[in-house]
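Student: Below: one structure in structure tokens.
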Amino acid sequence: MQGTPGGGTRPGPSPVDRRTLLVFSFILAAALGQMNFTGDQVLRVLAKDEKQLSLLGDLEGLKPQKVDFWRGPARPSLPVDMRVPFSELKDIKAYLESHGLAYSIMIKDIQVLLDEERQAMAKSRRLERSTNSFSYSSYHTLEEIYSWIDNFVMEHSDIVSKIQIGNSFENQSILVLKFSTGGSRHPAIWIDTGIHSREWITHATGIWTANKIVSDYGKDRVLTDILNAMDIFIELVTNPDGFAFTHSMNRLWRKNKSIRPGIFCIGVDLNRNWKSGFGGNGSNSNPCSETYHGPSPQSEPEVAAIVNFITAHGNFKALISIHSYSQMLMYPYGRLLEPVSNQRELYDLAKDAVEALYKVHGIEYIFGSISTTLYVASGITVDWAYDSGIKYAFSFELRDTGQYGFLLPATQIIPTAQETWMALRTIMEHTLNHPY
């Protein structure tokens, strides 16, 4: 599975041993350098029926894990994308062919895209340093994003502040930007990006969005009305440990970095660790699974920090969790096929939002409830938000539909952010105009 080089060390029971393991893991990562994916391919499989979907699902249970689902088996109408290590390609292709599963090669060599990505980042970093600037059209490390946050807050202190809502498993600060024009107990909107660490386009979109808010306040009537009446909170790096690991070691890491005594594999899927429907369909009890839900609801500090903050605030009216990829806008439920009580309103709002998004660059999104549009998923952010009384709960899946997957070129950051902004603006305006 992803992260195998870091997954074979068993932590001891004491805090001292845990610190020792973390130090050892850091040293090991530094010594080994970034994982190499030369020859790894992303295959796209189109299942004809539920039986073929089940055959694809069986691949996740193989030990050791032989595939990494980028888009898992959901329904026959949706493609399944999976990364296959070079060493497993022959066997996996033979498995697909023997069961009559048609496939195509979406990405011929993942390492080629990774090399291009690193070269683009290095070039951008040199330019930023020489001009003492920050590029919104480039990807950045955790350290660079946190440095930008400090500068951003200092430059726009009249409207933006920084709040630390907790610490990650590896003791990174969990930071939230608060956009506010003052006043007490304003109703609020929550936006988070990067809960799955390899989805870099989401962090970049969040950063651009933050800058858009301060740039357009006072100029864009809709945004100005929103911010005069409501506060906006943006968590740019929801999974800081995992995100740092995607830069230092494994670009394709999804989960957080929590470790537990006696468990060989590292990390929990933070979007399966919420209380609503915890442990149900669409999550996994196997710690080595990419959708491992963790030992208990909100066991992960990254999730608990959000729950505690939103609950203590008590006046959030919308929550928007931004993921990639697939070009979708969805609302609850994920764990149930039954519609929520205000399903018609959410459907109409999602329709308006994707229409606004489409007008920017002509990118098409599909929309609907999570369980009927994508797949059944339990213990997810938006289900928890909705069950906690946040009426307008949405989840984005940003660009693209599989040509690059999680390795979306930096040249697409700005257009992705621009179109996403129009959808966000639509949702926020509706929230403003429909108080509850």
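Quick reminder: no glycine exception, Cβ is built from N, Cα and C everywhere.
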Student: For the Zn(2+) site that Swiss-Prot describes with H196, E199, which of these is also annotated: H313, H323, H361?
Tutor: H323
Student: Measure from the Cβ of R272 (substrate binding site) and count the other Cβ atoms within 10 Å, all protein chains considered.
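Tutor: Neighbour count, Cβ to Cβ under the 10 Å cut-off: 29.
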Student: Any idea what the Cα distance is from Y325 (substrate binding site) over to H196 (Zn(2+) binding site), rounded to a whole Å?
Tutor: 11
Student: Can you tell me the three-state DSSP label for C265 (disulfide bond)?
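Tutor: The residue in question, C265 (disulfide bond), is coil (DSSP, three-state).
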Student: Where H196 (Zn(2+) binding site) and C265 (disulfide bond) are concerned, what is their Cα separation in Å, rounded?
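Tutor: That comes out at 17 Å between the alpha carbons.
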Student: Pop the mean pLDDT for the domain 'Peptidase M14' (138-431) in here, whole number is fine.
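Tutor: Reported value for the domain 'Peptidase M14' (138-431) is a mean pLDDT of 98.
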Student: Roughly how many Å separate the Cα of E199 (Zn(2+) binding site) from that of R254 (substrate binding site), to the nearest whole number?
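Tutor: Rounded to the nearest whole number, the Cα-Cα distance is 8 Å.
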